[in-house]
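Taken verbatim from Swiss-Prot:
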TRANSMEM  23-43  transmembrane segment
TRANSMEM  88-108  transmembrane segment
TRANSMEM  110-130  transmembrane segment
ACT_SITE  ASP142  active site
TRANSMEM  156-176  transmembrane segment
ACT_SITE  ASP157  active site
Amino acid sequence: MAKAPTFFSKLLKQILFANRKPFLYYKLALILFVGFVILFQVFMLRAALNGEKGINGANGTDVARSSFISIYVIGNKGVGFSLLADQPGLVYFLQGFLSFIALFFLVFSTSYNYIFWITTLAFGSLGNFFDRLTSGSGEVLDYFVFSGGNSVFNLADCCITFSFIGLFLSFLIQFFKEMKQTKS
């Protein structure tokens, strides 16, 4: 009598299916390229703008202005909108956990669209995590202010935000495609 497949055997089968050659090579190339570009830009912008930050991050410095975006440099010990600034352990945990979950989903992704957006999410979160870890003060450097707003973001925050929007739109497109196929 055949044994029923266990949870782990099903999981292994899904992992192997989602990571077969040559798809795996394209997947890894996309992940490494997008991840490198995001982390490189995060740290290049930090290096370029770190000297512009006010003393201990208390005062921001207005670096450049345009009609769409301004560069205003400030340190931020919290997550988005300076939430949890007084709980650094929770901030590290949330950013690390978000990165781990995103990287976990990458293992099972078979769509280049999802791979791109999940990679952008994972490395945006990792960019903030490593930025905070290497800053010496436990803060990220925020510098983008979009017109009509008062909130200050960095490139990693933008990657996280755009990846959630991209994933949502990808899910909607896939949902409507599947709905259309079931009707015909």
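Start at 1 and count along the chain as shown; that gives each residue its number.
The backbone N, Cα and C atoms fix where each Cβ goes, glycine too.
Tallying C-beta pairs under 8 angstroms between the transmembrane segment (23-43) and each of 88-108, 110-130, 156-176 places 110-130 first. Remote same-chain residues near the transmembrane segment (88-108) are listed as 14-15, 18-19, 27, 31, 77-79, 114-115, 118-119, 121-122, 125-126, 128-129, 132-133, 138, 160 (criterion: CB distance under 8 Å, separation of at least six residues from the stretch ends). Sequence-distant neighbours of ASP157 (active site) (same chain, 6+ apart, CB under 8 A from its CB) are GLY80, GLY124, ASN128, ASP142, PHE144. Taken residue by residue with DSSP, ASP142 (active site) is part of a strand. A sphere of 10 angstroms centred on the C-beta of ASP142 (active site) encloses 25 other C-beta atoms.
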